[in-house]
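S.K.: Next up is a structure, given as structure tokens.
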Amino acid sequence: SDDGKLSFDEFKAYFADGVLSGEELHELFHTIDTHNTNNLDTEELCDYFSKHLGEYENVLSVLEDLNITVLKAMDKTKKDYQEASNLEQFVTRFLLKETLNQLQSLQSSLECAMETTEEQTRQERKDPTKPEVLSIQWPGKRSARRLQKNNSLSSNNPHSSTGWIEEDGQWMSQINRLQKLIDRLEKKDLKLEPFEEEVLEENARSHIMIVQNQMCVMEEKIEEFHLALKQYVESASTLGGCLHISIQKLPSSFRFIVYEFWENSNAWNSHLQMNYSKTFQRSNVDFLETPELITTMLVP
């Protein structure tokens, strides 16, 4: 309530982690309340946690420095970005993205550690003590779901709060099913085995050659092009190694796309050396508005 101190209700709302019971939280509250005022001030909280920081004293110190450093960098970025060159802006965007990726990776590791320790504690306790339910959400994209899953939404759970039981049963059933699925996905150990690709002796011949030829024909040359294309397809189709040829004319234009499928790259190269292929290529110089665009791809 911004009065500079924490009542027990405020303490419970923030520090309840879904593991400690209400009685345990109450005992912890009075342990920290060395002034016996039934309220915790900043000095009492600092005194208590400073005794248990250990390695995390350095961690929190570094995080404080990191926070200041990042804010300074972002402030400078805000001032300089607009007047920077395109290359400098690109570098800035990359550095921001990389910083975010590093922080997200760190956050993911911390979340995993939190969930592991919470789950281990729940398994070790195995007592009927009712965990305290959070009334506020901690920061973090997954913390809300993580803390809520400590309180089963199933009406069969004797520790379910009255508010959850009074919710619509069908919704609770669907939420529980989704919760179990997410938990299974999170805890599933992935075993990645290296893929052993079969090595063929004649690797080049094991790939089909796919050729795409895009051609934009001049309107006054369309009939001559049709005749030349027909002769080209007929000649190529009879050649050994040609699997299929398909022609597509784009609507409302004089643009054609020819798809050719050859047994392998050797068959395609032999085809290019044939007289009918060279004749068609020479004629396209007169028929096309722009040079033809040929792309090839080998498919196993």
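Placement of Cβ uses the backbone N, Cα and C atoms for every residue, glycine included.
Below, the features straight out of TrEMBL:
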DOMAIN    20-55  domain 'EF-hand'
REGION    115-165  region 'Disordered'
COMPBIAS  119-130  compositional bias 'Basic and acidic residues'
COMPBIAS  150-161  compositional bias 'Low complexity'
DOMAIN    209-297  domain 'ABM'
S.K.: Mind tallying the domain 'ABM' (209-297) by DSSP state, helix then strand then coil?
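M.R.: So the counts come to 40 helix, 31 strand, 18 coil.
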S.K.: Counting by DSSP secondary structure, give me helix, strand and coil numbers for the domain 'EF-hand' (20-55).
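M.R.: Looking at the domain 'EF-hand' (20-55) with DSSP, the answer is 20 helix, 3 strand, 13 coil.
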S.K.: So what's the mean pLDDT when you look at the domain 'EF-hand' (20-55)?
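M.R.: Here the mean pLDDT over the domain 'EF-hand' (20-55) amounts to 88.
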